[in-house]
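Engineer: The structure follows.
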Amino acid sequence: MSVLGVFLASLLAAAVAAARAAGGGCAAERFSSNRVYAACSDLPHLGASVHWTYDAAAASLSVAFVAAPPSPGGWVAWGLNPTGGGMAGTQALVALPTGGGGGYEVQTFDIEGYSLSAPGKLKYPTSDLAAEVAADGRVSVFGKLALQNGTAEVNQVWQVGPVSGGSMMPHAMSSDNKAAMGKLNLLTGAATSSAGGGSNLRKKNTHGILNAVSWGLLLPMGAIFARYLKTFKSADPAWFYLHVACQLIGYGVGVSGWATGIHLGNLSKGITYSLHRNIGITVFALGTLQIFALFLRPKKDHKYRVYWNAYHHSVGYTIIILGIVNIFKGMSILNVEQKWKTGYIIAISILGGIAVILEAVTWSIVLKRRKEENKSYNGASNGHLPLSM
């Protein structure tokens with residue numbers, strides 16, 4: 001949308017908001033089919049309003065959302081986000097024009113990232129979906145949602161955008177659009193604008209960064225120190241302390257990332273990324289097992305040391321592989337920008353390249369040592385052969 005278009009859309013929204021304020025706001029709005037709601041609230045952004053009737057005993061929410069699209073024939077959307085504020089995780093009702101007849105229909109979107117995919121079922125069971133456009137161009141979205149028992153306050157997200165060629169186009173990125181989120185108390189009717197979406201996004205980003213640095217970088221570095229540096233006699237015992245330092249720091253940072261993920265999961269009522277969650281729990285459990293196993297490490301000459309080594313190596317590599325897989329899974333869930341994926345791929349590729357080079361170098365050193373040891377052994381053996389008579 002051009003700068004002029006954004007300006008005109010903002011001007012239109014301001015005019016509509018002013019007209020509604022003069023006419024009594026949401027309390028003066030009327031709907032077809034004798035739809036009446038127990039409460040309403042004028043939302044602080046985009047000149048929108050929301051009407052609702054909430055049956056707390058049945059956890060049933062009947063809602064009507066009203067907003068003007070930025071241009072005739074545009075889309076409007078309202079939804080609840082059980083994971084926090086912001087777009088990612090929102091269970092959205094989107095009103096779209098149906099052909100050229102001027103009518104509207106409602107489609108549902110389970111928004112997992114920061115872009116829309118195909119319409120699909122919501123985490124909340126829905127019914128009575130409908131939409132209509134008023135003479136002043138404002139579009140109303142109607143629906144009924146079955147919430148979780150005991151729900152009193154919800155995170156709501158709303159938005160408007162243009163339609164081109166029959167397809168939804170991205171909404172504008174003005175401050176008004178970015179701020180179109182907040183909390184709605186279904187019992188008291190209190191509706192507030194919130195920066196909680198940014199706060200929740202920061203928590204998700206923190207969760208991702210902590211896990212990428214710990215399970216995805218520090219632990220692989222620790223494994224590299226242990227596998228390759230100990231081949232060099234001059235690096236003993238420095239390699240061991242480097243290995244332990246990377247693993248302990250990585251585990252500590254990883255626990256923080258895991259705890260952040262558990263917290264985000266507790267905030268996410270109704271949405272669970274099962275595979276990502278289960279892999280994360282597995283990585284944490286195996287990592288904790290590795291830490292406790294350090295206290296049970298036999299001495300080098302102990303007969304059980306070979307079994308401990310086999311366990312330690314196999315579990316360690318399993319943690320690294322699962323950790324890296326889960327990092328990419330988390331990036332997909334957050335729908336992070338490609339530059340972050342590329343940055344992590346470059347970082348892990350550098351570690352992988354170093355490992356390949358050191359693998360070749362250390363094998364050449366080991367083979368050379370074996371050759372020298374065999375030569376020395378054969379020479380010593382030949383020196384003790386009895387003289388022939």
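Heads up, the Cβ atoms here are built off N, Cα and C, so glycines get one too.
Heads up, TrEMBL stuff is auto-annotated, nobody curated it.
Computed from a predicted structure; not experimentally measured.
Feature list, courtesy of TrEMBL:
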SIGNAL    1-18  signal peptide
DOMAIN    46-161  domain 'DOMON'
DOMAIN    175-367  domain 'Cytochrome b561'
BINDING   His207, His243, His276, His312  heme b binding site
TRANSMEM  208-226  transmembrane segment
TRANSMEM  238-259  transmembrane segment
TRANSMEM  279-296  transmembrane segment
TRANSMEM  308-328  transmembrane segment
TRANSMEM  343-367  transmembrane segment
Engineer: As a test: from 238-259, 308-328, 343-367, pick the stretch that has the greatest number of Cβ pairs under 8 Å with the transmembrane segment (208-226).
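Structural biologist: Stretch with the highest Cβ contact count: 238-259.
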Engineer: Let's see if you can do this one: DSSP helix, strand and coil counts over the domain 'DOMON' (46-161), in that order.
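Structural biologist: In the domain 'DOMON' (46-161), the DSSP-based counts are 0 helix, 62 strand, 54 coil.
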Engineer: So what pLDDT does the domain 'Cytochrome b561' (175-367) average out to?
Structural biologist: 86
Engineer: Mind checking which residues of the chain, 6+ beyond the ends of the transmembrane segment (308-328), have their Cβ under 8 Å from one of its Cβ atoms?
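Structural biologist: For the transmembrane segment (308-328), the far contacts come to 208, 211-212, 214-216, 219-220, 223, 254, 276, 279-280, 282-283, 286-287, 289-290, 293, 296-298, 341, 344, 348.
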Engineer: Sorted by position, what residues of the same chain at least six away from His276 (heme b binding site) have a C-beta under 8 A from it?
Structural biologist: Asn326, Lys329, Gly330, Ile333
Engineer: Can you tell me how many other Cβ atoms are located within 10 Å of the Cβ belonging to His312 (heme b binding site)?
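Structural biologist: Excluding its own Cβ, His312 (heme b binding site) sees 15 Cβ atoms within 10 Å.
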Engineer: Counting every protein chain present, what is the number of Cβ atoms, excluding its own, within 10 Å of the Cβ of His207 (heme b binding site)?
Structural biologist: 22
Engineer: Among all the protein chains here, how many other CB atoms are within 10 A of the CB of His243 (heme b binding site)?
Structural biologist: 20
